[in-house]
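Undergrad: I'd like to ask some things about the structure below.
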């Protein structure tokens, strides 16, 4: 029996090591061309390897788990959507690869979206290498299922838009480490917050407020039989924090800042419209939210991830679709929002008028 397995496992192991080394070297070469030479300290964690050891931590862990140096295959994932989607895809890949004893590689496009903001560690699988691999596509729902613990196949590429704590919350410390902000991103956000004043005093409690507008204003009612957050929801959420904490300051970010200025009452002097709302450059807004103590979110993965990284108390918009919404076929609220978060039901009356 043992001799029959050798032709299969050894070429696979060699191929996986080749893929890892090739991807890492290619990635390093691209960085050297684009950037000034960096010290070892500044290099991404995935490219810091000694000349005598080409094994990644993931490779060593996989070998230890399965014995005899046998590598069982590799996982990757589609890179689609904006920042919140990309973070959900990354975290899901990270968790499922660990769960199934596989190596995890991310597409270059995902690295380009996340690496400028976070200290991510998964190695990059460049397109030239990916084209040579016989991938098996594997669709993921937006919540964890038991079958995902035993995913068949050696070369699996996940599809879908997974962004649920049910995939990765058991690895929360590691996920938080993966999404640690680069120093300059964090320091810029903290400097802004340190400069804020509420009625002349420096606040001790910061509440990040993310208001998703943009395409959702039309997509939610016209496609998903749902609503976005209205003025009433935001007033209730702000008042809940005012009642709970002494003199909090609300740091508002949105891709609809004009609407926010018209609909969020700032007359008390405790609301700051801080975000730039530039969807193509989300780092500033996201960093501000994560450096706050608590979160008010509306809908969308951007707000979910900001709340997840910030910790503290979170208030979210709940029940924002009709019961027969097709959205509920692809989205489970209980898998999106942590149990300890507090939901305020949305006002669905605008939908009932039509």
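Note: Cβ is positioned from N, Cα and C throughout, glycine not excepted.
These came from Swiss-Prot, pasted as-is:
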type: TOPO_DOM; residues: 1-5; note: topological domain 'Cytoplasmic'
type: TRANSMEM; residues: 6-26; note: transmembrane segment
type: TOPO_DOM; residues: 27-354; note: topological domain 'Lumenal'
type: REGION; residues: 43-68; note: region 'Disordered'
type: COMPBIAS; residues: 45-56; note: compositional bias 'Polar residues'
type: COMPBIAS; residues: 57-68; note: compositional bias 'Basic and acidic residues'
type: CARBOHYD; residues: 199; note: N-linked glycosylation site
Undergrad: Looking at the topological domain 'Cytoplasmic' (1-5) alone, can you tell me the average pLDDT?
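TA: Per the prediction, mean pLDDT sits at 40 for the topological domain 'Cytoplasmic' (1-5).
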Undergrad: State the count of C-beta atoms found within 10 angstroms of the C-beta of the residue listed as 'N-linked glycosylation site', not counting that atom itself.
TA: 10
Undergrad: Check the DSSP secondary structure of the residue listed as 'N-linked glycosylation site', expressed as helix, strand or coil.
TA: coil
